[in-house]
Each structure stands twice: as structure tokens, then as C-alpha cells.
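Per Swiss-Prot, the features are as follows:
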type     : residues                                               : note
DOMAIN   : 5-195                                                  : domain 'Glutamine amidotransferase type-1'
ACT_SITE : Cys82                                                  : active site, nucleophile
ACT_SITE : His169                                                 : active site
ACT_SITE : Glu171                                                 : active site
DOMAIN   : 196-385                                                : domain 'GMPS ATP-PPase'
BINDING  : Ser223, Gly224, Gly225, Val226, Asp227, Ser228, Ser229 : ATP binding site
Amino acid sequence: MKRDLVLVVDFGGQYNQLIARRVRECGVYCEIIPYDYTIEKIKAKNPKGIIFTGGPNSVYGEDTPTVEKEVFELGVPVLGICYGDQLMAHLLGGKVATAPVREYGKTNVKVDKSSKLFEGIETDGIAWMSHTDYIEEAPKGFKVIATTEVCPVAAMENEEKRLYGVQFHAEVEHTQFGQKMLENFIHNICGLENSWSMGSFAEEKIKEIKELVGDKKVLCALSGGVDSSVAAMIVHKAIGHNLTCIFVDHGLLRKDEGDTVERVFKKEFDMNIKRVNVADRFLGKLAGVSDPETKRKIIGEEFIRVFEEEAKKVGQIDYLVQGTIYPDIVESGTKTSATIKSHHNVGGLPEDMQFELIEPLRELFKDEVRAVGEELGIPHKLVWRQPFPGPGLAIRVLGEITEEKLEIVREADAIFREEIANANLDESIWQYFACLPNIRSVGVMGDERTYSHTIALRAVTSSDAMTSEWARIPYEILDLVSRRIVNEVKGVNRIVYDITSKPPATIEWE
């Protein structure tokens, strides 16, 4: 199916995938390309709009990322954000300098409401700033359309050439008018209509996989989580019983999860499911390991080795399915962005693995994955399962992993999830879980001194996992969860609640 396309040019900002997410919320498909993509390649893609992302560099830095100036002569609307805004100004003859006062965080912005970019935005508002340099003087032919107290060019436009730049991050939720501004760029300036939907995505992906695989055999890394479940269903609809799902029970799952996954997928989906119990193998490899990156690498390595062994038992296997999604990719780092932490679906893959990968969801954000799942008829209870990392409880037990610690966090997590569901908060909170932060503290229980583990509770609200706020769970629910865990889980005498947003923290502790 032919779609209108917006290209997002990656200059290394951590919000790059979020920009793509916001464009898709406008009902338009977009792709992210590296900054050194040639003009010829850009022309071949025939984009209807181009967005330059932010990035950590200065336009005056050595080997700073840039683009060919010809991109501004294609007749395609361009929107620069933060560094992308500064780069546009620099390349077109404006003046970029070190700001006398840096702007970080929420900032009051005055906008020119006569600009097409700010059409329908009735009042000035708060925008999210994060910059050291700023545009001191806009290029010739550009008009200043927004300012702050310390930033003389918070936004600029060349309406005739349809070139626009904003110093603030329109893509983050903190910018009050950000989504409306992006809608104006996509619909009013680029002239695009809604053409991107999860129903059409699912149909196209099923067709694509059917053509790619043909009669070959496929092995699916099934965990029972939302991502792997939807990935498995797409491939199952494409090739039927030529898909074999391997469910690795590595001993790092949540309470009763292994039995639930096996029962649901065999009964409701009629898939070829093989459950492999290798808890001792994984725990043996992880014994004495405390570093979180090492844990992830070990788990990624063992996952692939288990699949290789099981594939030999199944017969000829040509492809491996993984539930990799967009945030997995951005958090594992790109050519221009710093690695935050290696994701198990990306950084943990051995270089000598013997399969070709099929990653049907790598273009999607979590809410899009859920929407595809609904389109495919996956039961609501599975589509809305809590996100669960591939390394499982290994990264929710900080420090060295033992069976005792796993049992503690498993039971505490089950209580937390049960009470959140009882309070009907399970679909309004993006993600919630318990973790064991490797902290012991003094307490008093039954008139006796204790020196026991601390459990940390984490709950966040988000729409895409790129940014999140800590969830404001009612105190009475937190109180109930705390009392239950302390009374019902042996070895715990203290409960803490994590009230850190992302950024600066990540959602998981490791």
C-alpha cells in the first residue's frame, strides 16, 4: 500500500523515536533516517515532509552531524527541532551562538498566533527547553514567530519555502501546545491526511512475512508478554503451523506466569508451543554476577543458545521471531545517540547466531503494539498485560541473583499487581512492579530487631515508554500493599515507593 511519508532525520537526540511517535499520532507514517542519508536517497523516498531532530552537538563542533544544504531546495516542508532548528539557521546564514543563559526544563514561550505553525493555539504556554546554544539571529528571509525571556528566536519560519524551526521540544508532553503544533505542520503545512492505521499495518506485515518466509520454518521467542504475543500472532497468521513457538522458562518469570502462558497460547491460539524448563541453567550462568549489563548479555546469549538447541530438535529452522519494538532500539543507542542500557532484544544478541531475524514490531511503539493486538483478535487480558523485560526478574533483583531473592520479589510483585487490579487501576497505570534494590535495613517485628530486605515499588504513567511520570497511586492503596508485603513475604521489613520520572531515571531500575 502506498503511503504518504514523513522523514525524521536523526541527529542523536534521545527524543527521536518520540518525534516519530507524535507524527504517527497525526495519522501519518514516518521513518527515521540517519543524518548522512544522501539527497538521492531522500528523493527516492519521496517524502512529503522532513523533520530534523534534536541532538547533543553544537553546530560549531568538530565532526558535528549535518545535512546537505540541497535538502532545503527540494520543495518539501522542513521542521527543525532544537539542534535541528539551530542547524537550519546555521546552514542558511543565520547566527548561532552560546546562550548567555542556558534553558533547561519548562519555559514560558510567547508565540505568533498568525503563523500557520501555531494556528489554533489560542494562548502562549509552557514548552520544554534543553539547549546550551541558541539562535541569535534568524537567517535572511525568516521571520521570528516565538520568543522567551532569554531566547530571541524560540521559533522561526520562511513561509514561502515552508521551512520552520523551533528551539523547544514540541514532541514531549511537557510542551502544552506541542502536539497541536505538530498537527499543524503535518496537516496544514505538509498537506497530509490520515493514512496510517494499525489495521492496515497488520495486514501489510502479514503479507510481507508470508512472502518473505514462504514454506520455510520459523522459531518464535515467546515470553507471553505483549510484544512477543503480538509478534507471534502476526507470524502465525502469515504462516500458520510453520511457526514453532519456544517458551523459555528461565526461572526469572513472575508468579504463575509459566503455567498461564502455556495454557492460554495452546488453548486459545492453537499454536505450536514448546515449553523449555531451563531455570537451573540460567541461574547457574548468573551466579555471582552483579553488573546489570553483564546480566543482560548473559541472558541474551543463553536465550539464543537455547533456541539453537531447540531448533535442532524441531528440524530445519530459518528464521527467529523477536518482539523488538521502537523504544528497544533507541535505548540501545544509534549511530548518534549514547547508549543508555543494552536491550535484551538488541545488544544481547551473539554475533554468531545462526538465524535470520524477523522483528515485525520494530517500527511500533507500545500503544501501537497493543492496537495491533486488538486488531488481530488477541484477548484483551493479554493485550493489556504488564510490560515485562526479556531478562525478567533478573533486572528487578539488583546485585547478585539468588533463588531466595527471586522468590521475595516474585511474591511482592504479585501482591502489588493484585491490589492495583483490585483498585481498577491496572489499565490506567502504564507499568507497575516490585523490585529488590539490594538494600537491607533495621526494623522491629514482634518486639524483635530485624535486619531484612527492602522492596521498592515502581509505577509510572506514559503513552510510549519514552518519557513517563511516576503514578499518583492513592495512599490507602500503597498502605495496603505495604502492609501485605511486610506481613506475607518473609525477609522484608521495609517498602519504598519510587517517585522519579523518566528522564532522568529509566522505568526499570537496571
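Each Cβ is built from the backbone N, Cα and C atoms, and glycine gets one as well.
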Cβ packing number for the residue listed as 'active site, nucleophile', 10 Å threshold: 26
Model confidence over the domain 'GMPS ATP-PPase' (196-385) (mean pLDDT, whole number): 84
All-chain count of other Cβ atoms within 10 Å of Gly225 (ATP binding site): 20
Rounded distance in angstrom between the Cα atoms of Ser228 (ATP binding site) and Glu171 (active site): 28
Inter-residue Cα distance where the pair is Glu171 (active site) and Val226 (ATP binding site), in Å: 25
Gly225 (ATP binding site) to Glu171 (active site) - Cα separation in whole Å: 28
Nonlocal neighbours by CB distance (under 8 Å) for Ser223 (ATP binding site), same chain, sequence gap 6 or more: Phe247, Val248, Val261, Gly323, Phe388, Gly390
Of the active-site residues listed as Cys82, His169, Glu171, the one whose CA lies nearest the CA of Gly224 (ATP binding site): Glu171
Nearest recorded site to Asp227 (ATP binding site) by CA-CA distance, among active-site residues Cys82, His169, Glu171: Glu171
Chain-mates of Ser223, Gly224, Gly225, Val226, Asp227, Ser228, Ser229 with C-beta within 8 Å of site centroid, ATP: Leu222, Val230, Ala231, Ala232, Gly323, Arg385, Phe388
Chain-internal residues near Glu171 (active site), provided their CB is under 8 angstroms and they sit 6+ positions away: Tyr15, Leu18, Ile19, Arg21, Arg22, Ile81, Gly178, Leu182
Intrachain C-beta neighbours of His169 (active site), sequence separation six or more, cut-off 8 angstroms: Tyr15, Gly54, Ile81, Cys82, Ala127, Trp128, Met129, Ser130, Thr175, Gly178
Binding-site residues listed as Gly224, Ser228, Ser229, least Cβ neighbours within 10 Å: Gly224
Asp227 (ATP binding site), number of other Cβ atoms within 10 Å: 26
